[in-house]
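Reviewing the structure listed below.
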Amino acid sequence: MILELDCGNSLIKWRVIDGGGGRSVAGGLADSDEALVEQLSLRRGLPVRACRLVSVRSEQETSQLIARLERLFPVSVLVAAPGRQLAGVRNGYLDYQRLGLDRWLALVAGHHLAQKACLVIDLGTAVTSDLVAANGTHLGGYICPGMSLMRSQLRTHTRRIRYDDTEARRAMGSLHPGQATAEAVERGCLLMLRGFVREQYAMACELLGADCEIFLTGGDAELVRDELARARIIPDLVFVGLALACPIE
């Protein structure tokens, strides 16, 4: 079995897959290294024979996590690294090492699955959008704040915006003009997110052609599903790219 980890800005997503068929047998989300170790300790009975990860954290933070993983399981950890090219996709950044690794793996995975031009939108803490031509040329992309970041910035920098998570969840039941602060903020942020997604789709159709494949991934992908009815939602898209970057026999 193979342990896979996606170490993002806010959360660590992990799963254990059957090395043969790639079927997920366990998985979870952790908000800290300690929480991750606690979750994985409960699965020490699984015969994990290999581990691979992608991290957008600092080298020091990543190294510390790797050391903890190697103490927990008898494995050497493979770590995804930046590249100019992978699986037929050419990195479109002028400085290829500056493209976030999770973003790179997601767009590589999108092209690998589509085998044609594609738009990949990852809706997490930040929202990223990347366009890949049919020949594997990464045209570049965009980054904007995600729902949680927009919400937290308004709460932090606007004194009179105060509400709890329960109010936030209730507010998301409609897009009718808000009649309370939570409704106004939550619905306003969601409309901004949906507007960004619509604009990305229009640009993809212009640059890549109307038949391009659309992929949505990330924790907030379901919030914009209605905007792109033909999009494919693939929660583990980064893990698909990770397998291409760090193949294990």
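Even glycines carry a Cβ here, placed using N, Cα and C.
What Swiss-Prot records for D102 is active site, proton acceptor, and it gives sequence analysis as the kind of evidence. Per Swiss-Prot, the feature ATP binding site maps to D6, C7, G8, N9, S10, L11, I12, K13, T125. For Y93, G100, L101, D102, R103, T181, the entry in Swiss-Prot reads substrate binding site, with the evidence type sequence analysis. Marked as K(+) binding site by Swiss-Prot: D122.
Ranked by CA distance from D6 (ATP binding site), the binding-site residues G100, L101, T181 have L101 at the top as the closest. Annotation for D122 (K(+) binding site): spatial neighbours D102, R103, A106, T128, S129, T217, G218, L237, V238, criterion Cβ-Cβ under 8 Å with sequence separation of six or more. Looking only at Cα atoms, I12 (ATP binding site) sits nearest to G100 among the binding-site residues Y93, G100, T181. In sequence order, G8, N9, S10, G146, S148, L149 constitute the residues six or more apart from T125 (ATP binding site) in its chain with CB-CB distances below 8 Å. Compared over the binding-site residues G8, G100, the count of CB atoms lying within 10 A of a residue's CB peaks at G8. In this structure, T125 (ATP binding site) belongs to neither helix nor strand by DSSP; it is coil.
Highlighted in sequence order, V56, D102, G124 have their Cβ within 8 Å of the centre of the Cβ atoms of D6, C7, G8, N9, S10, L11, I12, K13, T125, the residues recorded for ATP, and are not part of that set. The sparsest Cβ neighbourhood within 10 Å, among the listed binding-site residues (I12, L101), is found at I12. Sequence-distant contacts of T181 (substrate binding site), defined by Cβ-Cβ distance under 8 angstroms and a gap of at least six in the same chain, are R160, I161, R162, Y163.
Ranked by how many other Cβ atoms sit within 10 Å of their Cβ, the recorded positions D6, S10, Y93, D102, R103 place S10 at the bottom. Among the residues the record lists as binding substrate, namely Y93, G100, L101, D102, R103, T181, the two farthest apart have Cα atoms separated by 40 Å.
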